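Please read the structure below before turning to the comments.
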C-alpha cells in the first residue's frame, strides 16, 4: 500500500509539473476569450476605428520624425554594444539573452546535470586559472648584451618592454639578494644595482662591487697575521656582479661564457661556505638559499652558452648534472632546456624519457612539453602521411595517436601552429612568458621551429590537422576538452610582455556578434529611409505605395508559391511531369 501511495503521489506531482509547463497557453486562450466576451463593454470596435482614423491623419513629417528617432536609438544601442564588446569581449544583448532570458523561456544548460560534480572542483578550477594567468620566467631567454642589444643596434627596435624588464629586475632581487647583504659592501652595492633602471648604471655598479673586493684584499692582507692570510685569499669575489656583466655588458656569447666561469668560481665558494653554516640560524639559511639560486643560475647559463656555441653534448651533460644535483629547484624549468638540446642531437629516445618524467598530470604543462610530445608522435607517421590516402582508408592507430597529440598541444596553446607553419613572422622571445599565450608560442617556436623542419612531414601533418582542434572546443573560454578553459587574461598580459611592433595573436578570434551587425544594418537602413523621405516625401510615398501594391498583388503571391514549389522539386530531384500527347483519329 505504501508503494502504491508513493507511486500515486509521484504521478500527481509529474502531472502538476507538466500542467505548469503549458499553463501559459491556457492563460493565453483565457485572455482571448475574455476579450471576445467583453468586446462590447470595452468598445473595442470604436477604439480600433479611432486608432485607424488617427493613423490616417498622420503627416509624412511624423514618419520622418519616427524613423529619425528609431535610427538615433539604434545608433546609441550600436555604440553601447561596440563599447561593451571592446571592453568585455562579448555582446551585451547576447549575454543577457543567454544568461537571463533563456532560463525564463525554459532553456536548460547542458552542464546542469553535472552541477554537483563541478561545484566540488570550483576551487581547483580557480587555482588553475590563477596559475595559468601567472607570468613565468622564460627558460630559454636570450642574453641581453650578446643578443637583445645586438638586435637593437641592427634594427633600432627595442625587443623588450619595460614591463618585461621590470619583472626581470624583481626576479633578480628575489634570487640574488637576501637580508644580510648590507653586512658585505659588494653585496650591498649589487642589491641597489638590481633596482637600477638604467643599464649603464647597473654595469657601473657591478664594476664598483668587484673593485671593492680588490681594494679590501689589498688593504687587509698586510695588517693581519699569516694564519689569516690564507682565509682571505679564499674569500670569493662577488658572483652576482659577474652575472650582471655577463648578461648585459658582454657583446658575444664567448665573452659571456668567460664571465660566467669567473662567476662560477666565486659562487661555488660562497655556496660551500654557506652550506656549512646554514643550520646556525635563519639568517645563514636565507644566505644559503640565495647562494644556491646563484649557483644554479650560473650553471644553467653556462650550459646555455655551450648550447649556443655548438657544444651541445657538453650542454646536455651540464644540464643533467645540474638536475641531479638540485632536483627540487623546478622554478628554472631546466628540463625544457634539456629537451631542446636533446632534440638538436636528435636523441629522440632520451627526449621520450624526459617527457615520461615531466609530462605528468600532476605537473604544470607548457608548450614545450605538449608540442614535443606531439612531435614525437608525428615523427612515427609523418613521413608516410597523405591526407588523400587518409581520407580514403581512414586513419591508422599511430596516425590517430599523432593527431590526438597535435589536438592536445593546440588546445593548450593555439598560437604555436601559425609560427611553426610560418603563417606569422617571429620576433625575439621575451624574458617572461604567459603560459597558453602568444608570448609562450613565440618563445617555443623561436627555438623549436628547426626541430619540426628536421622531421620529414611533421609540418605537413600539423598543417592538415591542427584546425580540427577548434571543432572539439567551440566555446574555449567556457569549457575545454583536455585542459581547463582558455584564460581570458592572456591577451592583456601578452600586450604588456611583447613589443608594440608585434601584432599580438588573439584567441579565440573576436568576431562581431550578429546583434551588432544587425543593429548597424538597421540603423543605416532607417537613417537612409529618413533622409530620403525628408528630401523627397512625395516620391517616397509613391514608392512605398507601389511596393505595397506589389506585395499585396495576386501575381506576387502566385509567383512566390511557384518559386517555392520549384525549390522543393530541385532539392528532392522530382522529375517533371510528362506532357500528355493528343492523337488525332
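We number each residue from 1, going along the chain as drawn.
Note that Cβ sites are derived from N, Cα and C of the backbone, with glycine treated the same way.
Feature list (source: Swiss-Prot):
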CARBOHYD  47  N-linked glycosylation site
MOD_RES   386  phosphoserine
TRANSMEM  15-35  transmembrane segment
TRANSMEM  62-82  transmembrane segment
TRANSMEM  512-532  transmembrane segment
Would you say which of the recorded positions 47, 386 has the most Cβ atoms within 10 Å of its own Cβ?
386
Under DSSP, is residue 386 (phosphoserine) part of a helix or a strand, or is it coil?
coil
Can you grab the distance from residue 47 (N-linked glycosylation site) over to residue 386 (phosphoserine)? Cα atoms, rounded to a whole Å.
75
Would you mind pulling the DSSP three-state label for residue 47 (N-linked glycosylation site)?
helix
